[in-house]
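Listed features, source TrEMBL:
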TRANSMEM  20-39  transmembrane segment
DOMAIN    42-75  domain 'Connexin N-terminal'
TRANSMEM  77-97  transmembrane segment
TRANSMEM  127-152  transmembrane segment
DOMAIN    140-207  domain 'Connexin cysteine-rich'
TRANSMEM  185-209  transmembrane segment
Amino acid sequence: MDWKTFQALLSGVNKYSTAFGRIWLSVVFVFRVMVYVVAAERVWGDEQKDFDCNTKQPGCPNVCYDHFFPISHIRLWALQLIFVTCPSLMVVMHVAYRDDREKKHRQKYGEQAKLYDNTGKKHGGLWWTYLISLFFKTAIEIVFLYLLHLIYDSFYLPRLVKCGVKPCPNEVDCYIGRPTEKKVFTYFMVGASAFCIVLNVCEIIYLIAKRITRIARKMKSRGRMVALQQQDCKDQDCSNCNLPMSRLDLKPAPAFRIDEDLQAPAPNLSSAA
């Protein structure tokens, strides 16, 4: 497998990640991929040749090896590393989609027109894409750890296994090559995977808390603006500031009252004459 190409594909994720995401990527490539390529592949090698059984029955060692090792550690880890890093490509693809939209928008409306302030900033749909990718990575890590625990009985590798699967004539003893060394690498890879899960959970909490804080600040600033507007209305002695425009328009005009003295009857001119 060409791990250099794999690393080149994920190198762009770093500039869109948080501090937790950068630490996660460093742990994946330094403590998992490098250990896998440099040491783990050589330790396992052709492990079926190192699996010895005290019988000459044809097919018995092969069947016993398949019974105790349905999938090799090294191949399971390779699948885990591929699957666990694929969700990060969702973020890169989303940013590429934003860049393409921004390019088309500028071609249509001019170079000064902007659709996004920053195509790599985690706002709107990109924030959700990043958060979903974290949930996928965490779920994949947990699933592969469970599979490893289920297949290899709590990550333990014994020196001797007893096999009675046909076509073995009876229960035979089979010996695993380099069991202690393999056990050390297994625990190391499991610990690195568990640490990556912790980093993913911390990053999820960080993103959600930051989003809630931003929303709370917006609501607080909006409340301050409303309070300032109400204070301005009080300072200007505006009694109708809090009324909607429809009520202001429908408010009846003040009635004029005619003084009773002005309504006195006119003098009788004939009697005066």
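Cβ atoms here come from the backbone N, Cα and C positions, even for glycine.
Curation plays no part in TrEMBL annotations; they are all automatic predictions.
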Task: For the domain 'Connexin cysteine-rich' (140-207), residues assigned helix / strand / coil by DSSP - done: 41 helix, 8 strand, 19 coil
Open item on the list: Could you give me three numbers for the domain 'Connexin N-terminal' (42-75), the DSSP helix, strand and coil residue counts?
Closed with: 15 helix, 2 strand, 17 coil
Task: Average pLDDT across the domain 'Connexin cysteine-rich' (140-207), rounded to a whole number - done: 88
